[in-house]
Amino acid sequence: MALPLRKESRWVSASHTKTSSLRTWAPSLVAVCVALSLNSYMLGGITTKSNLPVPSETQERNLEASRAMIQKMDALEMEDPRWKPSARRMSDKSGDHLEYTRARHRKLGKYVHEDVSDQFTAFGKISVSIIYFAFWVFLMFPNWFLPIGRPGIALGGGMTMVVFRYILQITGHGPFFDAEKVIIMEPLMLLFGLMLTTIYLEKMERGGLFDKLRDSLDDPVNWKRSAKIMAMSTLGSAAVMNDSVVLIFSGVVVDLCVRHKVANSLPYLLSLATTANIGSALTMTGNPQNILIVSLAYDDITWFEFASNMVLPVIAATVINSAMMLVYYRNELFPGSSGMSENLGIIFMGNRTPEMLAQEHAYYARQTAMAEHLPYVSSDWSKWSIIQIIVVSLFLICFCAGFDVCVVSIVAGCILMFTASYKRQHYDPKPQMDLGIDDNGDPIPPKKLYDMDGNELVPEEEELITESETTLTEVDYGLLMLFIGQFMLIGSFDDTGVPQAFFASTMGKCASVDVMTSGGCVYWFVVIITVLSNIASNVPVCQMLAATFPYATPYQWMQVSFSATIAGNLTMLGSAANMIVAFQAAKVGDRTFTSERHAPFGIPSTLGCLFIGTWLLAKFHFAPDCSVRLETC
């Protein structure tokens, strides 16, 4: 009997051995090689202008009209060098272009990038780039050197950049660095408001709206739980915003993993983060770069026009990402399964493995035990839950109606804060002070106070516990520091003009606006956008393209939007949603969502979604590849 046991123990230990690096990174390496080979084939070895895609007559008319408008703008600036697009005075010298430019500045304010790269010396550009990439590596792998954490690294990098840019300024190697201007306040206020709202949705009432949302995602079957998370994340990100969804549900996903004693929570966190980025590509309000693109586009893009063009690429990307999730993490999501054929039977035929049946029995046994030992919680909607539903519904209505999402989120958080404070003061039972017991096991009586004459002092009304002492301390101010530091690092790096130079040099002959989204050039174009979005962030990339191609067509902006959004799944730093998931999970002790664990799945998934989605968008788009305002359609 001893020999079979030893064989079984050796088999079990072998099944839990660590996967080799080659096997972990093989799908990513294959995906990169296929992407490069496909681009080489599609480009056809473009070395001369004769091999470029031939622009259509509409594209040629749009290019000529764009050049004419740029010349008109240059003439206006030569006539009045002090003129700035944000000036308040009105003039009809430049017609529609002046009106458009000033409206864009009034609406976007700090989003409009000013090119100061010509004020840097070669030493200034190189040194700033080195500092940026050094801290980029530190942020990707925060535990390689000192256990500072991403917020400390980002803030330290931002402060380093401010000091170094001042040194460059006084030594004549660079211009003045306006750090306040590169810190975009809207995402910070939005994050603060969402964190405030999320905390009060979770803490206000046990068994309330937040717990019901968490229970709706729960399931004893692993792959179903992952599928529910992906469906909720995709639809929620399209309806609201990807940052909002991951901020609300990161803690929920971690809690579900703890509840089910999941050894590896990475598949579930990846299900949340990757589908949040993909789903946000569907609508113009799904993520910050889409909102920015709609504001930067010269031609008007309606909500329906944007969604109708994106629906096929987003559906395809969702299917590809979900299928890869079920295949790549099949051991975690299908415990006890012998292979893909059995996995398909589990999904479509409802089959179960012995391990899955054991998980279901343990789940229902745990549910029964919890119902017996925990105090009864009514499944009905209390008045506090109804208030939460009303606040959340009004939040979504105001968001869809076009109100400022920052103001709406902060107001929603404040309303919930006042409601929770009133509930705790007038309805919740008063907390009982635990005075402890003495050596004999008897309770220690409360301490009495006396004045100088020996008279007992009667305590005044009990001091109330304030929100500042309880719930407000749970706001993740470190996450706000992380984004502030990243804004300063990215803003200084963009000032050097290195990202713009990288785009122009790598695009080569495809850099012309009339062919960059045509033929084989479009696939190379989206690859360059993806790389830049992971190096310099997607919002600055959109700013750069708006300055380089101010009269890009709606279809070209659609390609930029899709590639910049899907690029968020390539690496950890590609999307703010990824950083929020990692930070929120680490806050509750789950540190599985790291850069080195994200990339082996993120790279092949992103490249697959990117190329299939780009092909679908190029073949089945409704957005015009011309400008209505320039009268080239």
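Note that Cβ sites are derived from N, Cα and C of the backbone, with glycine treated the same way.
In TrEMBL, the feature transmembrane segment is placed on 153-170, out of the ranges 153-170, 477-494. When each of 21-43, 153-170, 182-201 is scored by its Cβ pairs under 8 Å to the transmembrane segment (522-546), the top-ranked stretch turns out to be 21-43. The stretches the transmembrane segment (306-329) and the transmembrane segment (598-618) meet in space: the count of Cβ pairs below 8 angstroms, excluding pairs fewer than 6 apart in sequence, reaches at least three. Tertiary proximity for the transmembrane segment (385-418) is limited to same-chain residues at least six positions away from its ends with a CB under 8 Å from its CB atoms, namely 186, 189-190, 192-197, 199-201, 204-205, 208-210, 212, 239-241, 244, 285, 467, 471-472.
The transmembrane segment (126-146) and the transmembrane segment (182-201) are not in contact, since fewer than 3 Cβ pairs between them lie under 8 Å (pairs 6 or more apart in sequence). Per-residue pLDDT, averaged over the domain 'Citrate transporter-like' (469-547), rounds to 81. Mapped onto DSSP helix, strand and coil, the domain 'Citrate transporter-like' (469-547) counts 64 helix, 0 strand, 15 coil.
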